[in-house]
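Asks: Okay, handing you the structure first.
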Amino acid sequence: MSTLAQKKGFGATLWDYLTTVDHKKIAILYLIAGGFFFLLGGLEAMFIRIQLAVPNNDFVSAGLYNEILTMHGTTMIFLAAMPLIFAFMNAVMPLQIGARDVAFPFLNSLGFWLFFFGGVFLNLSWFLGGAPDAGWTSYASLSIASEGHGIDFYALGLQISGAGTLIGGINFLVTIINMRAPGMTYMRMPMFTWATFVTSALILFAFPALTVGLFLLIFDRMFGSNFFDPAMGGNTIIWEHFFWIFGHPEVYILVLPAFGIFSEIFAIFSRKRLFGYSSMVFATVLIGFLGFMVWAHHMFTTGMGPIANAIFAVATMAIAVPTGIKIFNWLFTMWGGSITFTTPMLWAVAFIPSFVAGGVTGVMLASAAQDYQYHDSYFVVAHFHYVIVGGVVFALFAGAHLYWPKMFGTMLNEFLGKITFVLFFIGFHLTFFIQHFLGLWGMPRRIFTFLPGQGLETANFVSTVGAFFMAAAVIVLLINVVITTVKNEKVGNDPWGDGRTLEWAIPSPPPFYNFKQLPLVRGLDAYWLEKMEGKQGMSPAEPLGDIHMPNNSFIPFVISFGLFVAAFGAMYRADYSWGIPVLIVGMLITLGSMFVRSIKDDHGYHIHKEDLEDNNDKGVKA
Amino acid sequence: MANQQPNSGNPRVDIEYRRKKSAEEMKHQVITFAMMIFLTIVAFVAAGYEGFSAWFIVPFILILAVVQVIFQLYYFMHMSHKGHEAPALFLYSGALVGFITIIAFLTVIWW
Ligand code: HEM
Ligand SMILES: [Cu+2]
């Protein structure tokens, strides 16, 4: 029970985090690793914008530009946005449903380490002969023609980290289905929990398509098959379908949790119940469902024919309806509420117009005939940055400020938070708004430079200036984090004062067992209900008893490390004689540690009732 | 679940009722087992018989396969019982997604 120790050396803390199965610590791991990759992806973005600041620039070469661009997209989607979302899901969702942990704590840790090693593997490509360079979509003909090992790093790295994501998603599903506290019916679950639920279902159904696609790519590139090679009877379009059957749900995997975070924020800082809760749930489920019916809108110009284009165009436009429902519900939540403009609330309010702008260009793109004009131009770049940055990244910033006290027990500085917001908001619109017009003026996407005298200079320069604003905003946030951590002023259960859901009823950060007694949930916004009746906290649903806890384990780390080693073997198999042995050793490490896990009985331990009794809520050590 | 041994100390558990339920369950399983063997024989016969064209045999066998899966799920894996709503939901959603994928591949890529 290392968590009970008061003071620990650095080594002990490190070991604790390497072996932890506690969802709150795994959340912190996701936050740190995802944050690191976010900075990396941001750095790549700065290089892109510097290169495009002026015409005929030679800041980077064409080949290197392709690598930077590819790694920016891949890193941001798979290694930054997804893990950061997983950080908040891990930190908050079990608390919101009144659970002591996720359903499979061991798998939770395995999911993190798989993601981590996959991400590290992918990024090692920079030092080992060049990064992938076929775009984050890695379309097959291009990616198979690509020389060197860049694309191999892409395929193997994403395969490993994708397995981690899939495991995480299944874990969340089982947790939400089985581990809700007494009284927490489905229709009393907080919106963020609902978003986690639907997102996890999307992960469950969407990621296998990516897995299959990546395996075919791996076989084509490394083991001599010809799935995507038309000259050998393959079909290059198959990759595009697999990628987008995964890829479109993926964008909703990113944005639904963002919707969830904003739903919490609007309710908390308007001091009102979320308007139209049941229609919000309905809209979330419907978006998840429709998200699977529209992938081919990314392929209007591949020659699918008018019938397929028409079907997918109509299906795509249909998604705007549930999205609109949500937008109006947020507006009505604010209407008549007593609003406080805290930092999270600023992000939430700014999110609405920003995201709507992205949705509107989405519907424009969805019209297949128009898309022949927009496709592969900067218009598309502007569209997806409006939805992803204006939706997802705003939510990540908002969530970081909102949940920081719950995760670390300290409040981020509000003044610096607002500076971050203003800088980022200005920078974001400066960078991406003008890109709509760049697209309409004919600037293609994914070009490494442009010529002078074509009317693209000013707009590109403006765009680059905007990027520096965003970089400044991130730096202010980092300073804020450092200051907050150094000051280390602890806060109470409900630091925002208006918390509505269960996580705000327990200490910040919560004790490692979360709830001494499982709470009794009597309605939506369970904690708010109790507060309105003048109660201090939740009424318990069970007598005080022993709590069963899982033991820490180093095995997830080893399993993931084995795959990391095996991936190197698979990649260098054709080049060096040590390839095959390394592949085998890696698989042995993985399978061996899985074997150990399955034969070794690990029943966990119990926290005894007596220990809980003399340990009043305040004195909880975390 | 009806086929479990009464292992609770609760006196209100009706052992008689459970027995009857289990017997019924058993009958269903035997019947479906026989049906499944029969369907398998039919499939083999259909494939072996010279007179049918492939355009008949392939869809026919596929339909038989679907029926067998349903038997398997509902009579042997107890999906008809209470408490299986969530697995059923996810199973059908997964099947739907898979089905759409295959249909799309057939119609959009290879037609
Ligand atoms: C009303 C909602 C939306 C509609 C109708 C829509 C429609 C579209 C269409 C038609 C394209 C393809 C454009 C082309 O390549 O020619 C596209 C691209 C894209 N969309 Fe959306 N979209 C919507 C919402 C979103 C959301 C919420 C996200 C993410 C959070 C998103 C992320 C993307 C991305 C990443 C791409 C570009 C992928 C690439 O080619 O690299 N979209 N969108
Ligand atoms: Cu899409």
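Cβ atoms here come from the backbone N, Cα and C positions, even for glycine.
Dumping what TrEMBL says about this protein:
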type     : residues  : note
DOMAIN   : A:9-522   : domain 'Cytochrome oxidase subunit I profile'
TRANSMEM : A:27-48   : transmembrane segment
TRANSMEM : A:68-89   : transmembrane segment
TRANSMEM : A:110-129 : transmembrane segment
TRANSMEM : A:153-179 : transmembrane segment
TRANSMEM : A:191-219 : transmembrane segment
TRANSMEM : A:251-269 : transmembrane segment
TRANSMEM : A:274-295 : transmembrane segment
TRANSMEM : A:378-403 : transmembrane segment
TRANSMEM : A:415-441 : transmembrane segment
TRANSMEM : A:461-483 : transmembrane segment
TRANSMEM : A:554-572 : transmembrane segment
TRANSMEM : A:578-596 : transmembrane segment
Asks: Which listed range (A:191-219, A:461-483, A:554-572) shows the maximal number of Cβ pairs under 8 Å with respect to the transmembrane segment (A:110-129)?
Replies: A:554-572
Asks: Taking the transmembrane segment (A:191-219) as the first stretch and the transmembrane segment (A:378-403) as the second, find out whether 3 or more Cβ pairs fall under 8 Å, excluding pairs closer than 6 in sequence.
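Replies: Not in contact, no.
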Asks: The transmembrane segment (A:554-572) vs the transmembrane segment (A:461-483): three or more C-beta pairs under 8 Å (separation of 6 or more)?
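Replies: Since fewer than 3 Cβ pairs under 8 Å link them, the transmembrane segment (A:554-572) and the transmembrane segment (A:461-483) do not come into contact.
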Asks: Across the domain 'Cytochrome oxidase subunit I profile' (A:9-522), what does the mean pLDDT come to, as a whole number?
Replies: 95
Asks: What else in the chain is close to the transmembrane segment (A:153-179), if you only count residues 6 or more beyond its ends and a Cβ gap under 8 Å?
Replies: 70, 74, 78-79, 82, 86, 89, 93-94, 97, 99, 102-104, 107-108, 110-119, 121-125, 128, 131-132, 134, 138, 143, 189, 193, 196-197, 199-204, 207-208, 210-211, 214-215, 217-218, 221, 560, 563-564, 567, 570-571
